[in-house]
């Protein structure tokens, strides 16, 4: 099981007053869009992240490296976040070691918090990941003054509000990435759009194949990934359609959902057109 690290920051340039007393984070997340967003936020806070993509990856990583906190996606292939947490807590039994585990979930149902606590999870944050919410959780569980690095606003004439397509894309989501730059990195929002447009057709194909094969588990997973990725680029109607299909997949009843699948494909075409238009407009500025 491979462990991937984000580009390690130059320690000589990190403001140690803004870093946690322990600042090595293990990010367990299989969605590349979510990975990009969370890692960039952690960089923005002056923290280092390693990435794994399943519960098995988590167990392998913590057997080799001492992490200060785990950001744990609940729905992952091979081994989910619940099972990984249970095994971690079993391994800690009888010792004074307790690594904080923060669940990341797109589900917000009544009783969730109690379920997480019962599983050994310390806290949770909702997807799409909110910068303020993540910072608050890190400050609490790392017992330190983790702060967002002060950076001058990045505009470069990239005003998105003038772009039509507000009914397809929540432009505030993309605008929130404009100041999320580390050491002169490329336009982060544009990078996310490129990844999203490259990955989403694969997700839609997996979704359609799961439907045709009446594979409820595969449909639930494909819809979950689609939903989560779409939220991170502001495609909230597609997020809602993905959420609906995820719930249907979880129910196991895939009868009469031809229209929902077709609507999801149609909405993505609108989203694709909107995001490509946004990219063209930004190039002109």
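Keep in mind that glycine also has a Cβ here, set from the backbone N, Cα and C atoms.
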> So which range, 226-253, 254-281, gets flagged coiled coil in TrEMBL?
Replying inline: 254-281
> In the structure shown, which of the modified residues 73, 224 has the fewest Cβ neighbours within 10 Å?
Replying inline: 224
> Taking DSSP three-state, what's residue 224 (phosphohistidine) in: helix, strand or coil?
Replying inline: helix
> What kind of secondary structure is residue 73 (4-aspartylphosphate) part of, going by DSSP in three states?
Replying inline: strand
